[in-house]
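Q: According to TrEMBL, the protein has these features:
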type	residues	note
TRANSMEM	7-27	transmembrane segment
TRANSMEM	287-308	transmembrane segment
TRANSMEM	329-344	transmembrane segment
TRANSMEM	350-367	transmembrane segment
TRANSMEM	406-424	transmembrane segment
TRANSMEM	430-452	transmembrane segment
Amino acid sequence: MLSRSSFTSLVVGVFAVYVAHTCWVMYGIVYTRPCPAAADGAAGGCVWPYLARRPKLQLSVYTTTRSSIGAESNIDLVLNVEDFDIESKFERTVNVSVPKKTRNNGTLYAFVFLHHAGVLPWHDGKQVHVVSPLTTYMVPKPEEINLLTGESATQQIEAEKQTNALDEPVSHWRSRLTLNVMVEDFVFDGSSLPADVHRYMKMVQLGKTVHYLPILFIDQLSNRVKDLMVINRSTTELPLTVSYDKISLGKLRFWIHMQDAVYSLQQFGFSEKDADEVKGIFVDTNLYFLALTFFVAAFHLLFDFLAFKNDISFWKKKRSMIGMSTKAVLWRCFSTVVIFLFLLDEQTSLLVLIPAGIGAVIELWKVKKALKMTIRWQGLRPKFQFGAYNDSEKKTEEYDAQAMKYLSYLLYPLCIGGAGYSLLNVKYKSWYSWLINSFVNGVYAFGFLFMLPQLFVNYKMKSVAHLPWKAFTYKAFNTFIDDIFAFIITMPTSHRLACFRDDVVFLVYLYQRWLYPVDKSRVNEYGESYEEKSKKKSS
């Protein structure tokens, strides 16, 4: 059996190997080895860029309800850039006619052609084109109403439910189409073409040399949920913003891998909204900041694992509640479960939801340990039994109850007043949504007050030796990392502010650790003291 220290070392070692391997893979994506023969001017085995000939190009965007086209009559021209300059960035908004089939929950496709100027795309043997759906299917977001007045939105929701169940996905319009062309005059080695770029390349033989036509790419990461529009049956035209910018080979390969990663998430069951959160990290963030985010996220994952491991190990071996605030444990369990339900109701990203769910399960188990609870089954009916506290534990409970008494005078009026104010002035999807939001706002706004009983117990006992400091340390690192993620990952504002609230509480714990030095005669978190261990060893 591995000891705890060796297991932790093993985990850290695996983590270091993972980070090193990821850096190597990222380097392989960004750097592409050019054709060695190109430096000598030889053409053998090299694939040359067609754009080096500086052809006059034209960009055409068509729409159709079919995923493949064979005739001009099946498509509609929505944008035509005759003198297309691959070096010039542009953005244009056009109105697209929406066919009846698309309005009836159908799909509409965009065909983007890059071809020689003055020649129709289907008559140009050297044209390149890409296809992208302009529609996607999503469940419409329920409308929020005032729960007391109801206003006139209730009838509107009922009418929508009759024609269109809210649980059924409907067609949404993608209002943005982002195009890129790889502009580098890069000479590829024909024997080792990168697989990610190869599927976007079209080869032609010109004399004795092989050329690849311009690499046209549609940036799917720029399609965000916030830009989607529900397609109504009465809608005949919708706006489409077509934007273009050049792209380097390294960024193109990186973007292809990121799109494949997002697609893989959706194949594993992630919803469109979950995938959109990941897209936001890549699209709305500078690439250098994105690299920093990757390393921060990797360390966050490591510290999360170590914090959970040490917290579970601490509570698994704990036999006494001396110096530990039971009420703080109960409140932490309640607040964690409420936060998880709130994030679930808000359809928050799984990147935030999954750790919150794991934390809620661990907190429930800790309550069972704190209350010394045992569950015995009598047939199908559970019977709960609670253990007795000794004199030292009862003294701790007295300090705990004293702290809670003073806090209740401030906490309860604030929570009730906040819930009443939100009921009168804020719109919600349902009464359940209002209840969860009221609870979670109380947790976020005043939840740190429930951390004060533990500080009060520490003050009365003049000790912090009973606290799980290893788990605290890892959680502290994660708290500061969460401060960074609060600006990167989309989450409710109240959850974002709560990240900074925890910083203050941990600083107070650090101050108490400095204020109350270690006394070896004082019991530790397992109900043992250093002197007792020494006596056992000598005997």
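The backbone N, Cα and C atoms fix where each Cβ goes, glycine too.
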Q: To the transmembrane segment (287-308), which of 329-344, 350-367, 406-424 is linked by the most Cβ pairs under 8 Å?
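A: The stretch I would name here is 350-367.
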Q: With a Cβ cut-off under 8 Å, give me the same-chain residues at least six positions beyond the ends of the transmembrane segment (7-27) that come close to it.
A: 254, 294-295, 298, 302, 305-306, 309
Q: Same chain, outside the transmembrane segment (350-367) by at least 6, Cβ under 8 Å from its Cβ: which residues?
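A: Distant contacts of the transmembrane segment (350-367): 270, 274, 277-278, 304, 308, 311-312, 315, 329-330, 332-333, 336-337, 339-340, 343-344, 373, 489, 491, 495.
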